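Pulled from Swiss-Prot, these are the features on record:
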{"type": "DISULFID", "residues": "CYS146-CYS151", "note": "disulfide bond"}
{"type": "DISULFID", "residues": "CYS164-CYS252", "note": "disulfide bond"}
{"type": "DISULFID", "residues": "CYS168-CYS254", "note": "disulfide bond"}
{"type": "DISULFID", "residues": "CYS233-CYS246", "note": "disulfide bond"}
{"type": "DOMAIN", "residues": "139-258", "note": "domain 'C-type lectin'"}
{"type": "CARBOHYD", "residues": "ASN87", "note": "N-linked glycosylation site"}
{"type": "CARBOHYD", "residues": "ASN104", "note": "N-linked glycosylation site"}
{"type": "CARBOHYD", "residues": "ASN170", "note": "N-linked glycosylation site"}
{"type": "CARBOHYD", "residues": "ASN222", "note": "N-linked glycosylation site"}
{"type": "TOPO_DOM", "residues": "1-44", "note": "topological domain 'Cytoplasmic'"}
{"type": "TOPO_DOM", "residues": "66-263", "note": "topological domain 'Extracellular'"}
{"type": "TRANSMEM", "residues": "45-65", "note": "transmembrane segment"}
Amino acid sequence: MTEQEDTFSAVRFHKSSGLQNEMRLKETRKPEKARLRVCSVPWQLIVIALGILISLRLVTVAVLMTNIFQYGQQKHELKEFLKHHNNCSIMQSDINLKDELLKNKSIECNLLESLNRDQNILCDKTRTVLDYLQHTGRGVKVYWFCYGMKCYYFVMDRKPWSRCKQSCQNSSLTLLKIDDEDELKFLQLVVPSDSCWIGLSYDNKKKDWAWIDNRPSKLALNTTKYNIRDGGCMFLSKTRLDNNYCDQSFICICGKRLDKFPH
């Protein structure tokens with residue numbers, strides 16, 4: 001073999017060795033790149049998944065904030081509605097109460113008008129009775145007035161209890177029956193300074209004090225303090241209600257309720 005052939009063979013061998021080495025190097029790098037590509041794929045998926053999760057959370061938070069805001073607004077509107085409704089209810093209650101008061105006032109006015117009519121009728125009839133007594137010569141000094149549902153007649157001619165009873169009956173009246181404590185206090189303010197017979201006496205059959213109509217009264221009397229030995233008839237003065245002997249002569253108090261007087 002010549003020198004040129006040896007040189008050519010050496011060059012070819014060198015080139016082929018270099019090519020083989022380069023081929024091996026490329027083949028060695030290919031799996032590494034493949035591994036890198038394979039390894040990079042899961043990270044991309046994780047990043048995408050995380051992005052999706054974060055986006056979903058942001059959307060969820062936004063929805064929650066929107067709902068919270070709407071709930072707060074609805075709650076405020078509900079409070080305003082309830083407040084307005086309560087105000088309307090209160091106003092309606094006030095209107096109903098005022099209507100009821102007006103209705104009661106109207107009823108009271110009608111009752112007062114009726115009482116005034118009855119009182120005027122009774123006063124006219126009373127004047128007729130008094131005028132008749134005076135014209136027949138049986139008239140005596142009398143003064144009278146009406147208060148509430150009752151009219152009072154003070155016969156100033158002093159008489160025993162039985163004659164006072166008769167004088168009242170002659171005028172279609174009765175000796176006064178006191179209905180309650182308020183009436184007693186009122187009468188003590190208006191009675192004359194002298195003692196006045198009233199329609200309360202001791203009933204020997206019942207062994208107790210009884211009013212002229214034999215009916216109970218709301219006037220609470222401690223009858224135990226009245227000794228029958230001091231008298232069996234009751235009189236009224238400005239300071240007290242007490243008993244005395246029935247033959248004593250006092251002023252007479254006659255009375256009559258408006259609803260008992262004939263129309």
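Any Cβ shown, glycine's included, is placed from N, Cα and C.
What Swiss-Prot annotates, mapped onto the structure for a quick look.
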residue	record	contacts (Cβ under 8 Å, 6+ apart)
ASN104	N-linked glycosylation site	none
CYS164	disulfide bond	VAL155, LEU175, TRP197, PHE250, CYS252, CYS254
ASN222	N-linked glycosylation site	none
CYS233	disulfide bond	TRP161, TRP197, LEU200, SER201, TYR202, ASN243, ASN244, TYR245, CYS246, GLN248
*For the disulfide-bonded residues CYS146, CYS168, CYS254, which one has the sparsest Cβ surroundings, going by other Cβ atoms within 10 Å?*
CYS146
_Among all protein chains shown, how many Cβ atoms are found within 10 Å of the Cβ of CYS246 (disulfide bond), not counting that one?_
18
*Rounded Cα separation (Å) that holds between CYS146 (disulfide bond) and CYS168 (disulfide bond)*: 16
*Using all protein chains in view, find how many other C-beta atoms are within 10 Å of the C-beta of ASN87 (N-linked glycosylation site).*
10
*Other CB atoms within 10 A, centred on ASN170 (N-linked glycosylation site)*: 12
*asked:* These are the disulfide-bonded residues: CYS151, CYS252. Which one scores highest on other Cβ atoms within 10 Å?
replied: CYS252
*Using Cα coordinates, what distance in whole Å links CYS151 (disulfide bond) and ASN87 (N-linked glycosylation site)?*
50
*If you measure ASN87 (N-linked glycosylation site) to CYS168 (disulfide bond) at Cα, how many Å is it?*
62
*Averaged across the topological domain 'Extracellular' (66-263), what pLDDT does the model get? Just tell me the whole number, please.*
81
_Within the domain 'C-type lectin' (139-258), residues counted as helix, strand or coil by DSSP_ = 27 helix, 46 strand, 47 coil
